[in-house]
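A.B. asks: As listed in TrEMBL for this protein:
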- B:11-71: domain 'HTH tetR-type' (DOMAIN)
- B:34-53: DNA-binding region (DNA_BIND)
Protein chains: 2
Amino acid sequence: MTKKDGTYHHGDLRRALLAAAVEAIGESGPSAVSLRDLARRAGVSHAAPAHHFGDKAGLLTVLAAEGYDRLADTLRPVIAQTGSLVETGVAYIRFAVDHRAHFEVMFRPELYDRHDPAVLAARQRATETLAAAVATRGGDSGDARMDGLAAWSIVHGFATLWLGGALPADLGPDPEAAGRPVLRRLVDRP
Amino acid sequence: MTKKDGTYHHGDLRRALLAAAVEAIGESGPSAVSLRDLARRAGVSHAAPAHHFGDKAGLLTVLAAEGYDRLADTLRPVIAQTGSLVETGVAYIRFAVDHRAHFEVMFRPELYDRHDPAVLAARQRATETLAAAVATRGGDSGDARMDGLAAWSIVHGFATLWLGGALPADLGPDPEAAGRPVLRRLVDRP
């Protein structure tokens, strides 16, 4: 990503700063991020992050939009291939584990500009994708909106408890395998 | 809480520091707490927090144990009075909203000593209380453990999404009223 003299191309520096942010958030969460620390991690001047993102909220806004985009990109093929709300929920859990920093930022909207056009567009894509997953489900209860909120709550709750290390250790190391029977409790009504 | 000369009694200082921690966590989350900041907020010497809690992890360990204790204390009378898993879940959501700082700490066990005896005892009380709530439910699916994890996931997910400001604004201002029909999707199987 660097040129031979150790400096970055413009787009590469932006990516390097976002990667440094993901690393920093993985260590101590989105609240503790500072642009100064990101510059240090990327080995660039203190002014570089402000040049690219304006301020910390600007940086987190980019990560939030990226996160919603990736979530939609993750879920869409699963719905298309499986037509299963449970498997879509399992993919949501996998997304949270694989993209933990993005996931943590996405659900802390007080830290970024939730009205940013890129965030709104990406969020809309993700919301429509989740709604499509809920619509795949047989045995509609008659209130698709509440069904959607229930499905979102259970997958989000499981993912958050898993990331927080709060679940019993004997569920094993694989969040997909652990989550699947839990999600079935909501979806596979007897 | 202070003596006439502006100093604290020993137990009062401890409570004042915990209250300062709750305030600080409410502003920027548990990762960003520093003992130095708590001393400043409580108007005491820099050495006072370390004297009472050792270090930041020690302080958060006290809050985690307090949180699990309060959660058990919140849920127990609801189960006794209503015998309803949905109403117990609604009380869980209310707890998360009313004790947001404690709730955030409880589910960040990497920040505190999860093997501390007070945490283990309080957590055990809360776990048993949640298990009792799941046991109140009719129509057992045959796997009470998975039922429990599903119930915990859906209430935790709803509470977390609510606290994060991620849910649609038209759900209204009352998390209990908004959460009740969502939790019913899991519990009231058709």
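Yeah, the Cβs are placed from backbone N, Cα and C, and that goes for glycine too.
TrEMBL does not curate its annotations; it predicts them automatically.
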A.B. asks: Please indicate, using numbers and ranges, the residues of the same chain that are 6 or more beyond the DNA-binding region (B:34-53) and have a C-beta under 8 Å from a C-beta there.
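C.D. replies: 8, 13-14, 16-17, 19-21, 23-24, 59, 62.
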A.B. asks: As a quick check of your reading of DSSP, tell me how many residues in the domain 'HTH tetR-type' (B:11-71) are helical, how many are strand and how many are coil.
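C.D. replies: Looking at the domain 'HTH tetR-type' (B:11-71) with DSSP, the answer is 52 helix, 0 strand, 9 coil.
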A.B. asks: Do you know the mean pLDDT across the domain 'HTH tetR-type' (B:11-71)?
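C.D. replies: Per the prediction, mean pLDDT sits at 92 for the domain 'HTH tetR-type' (B:11-71).
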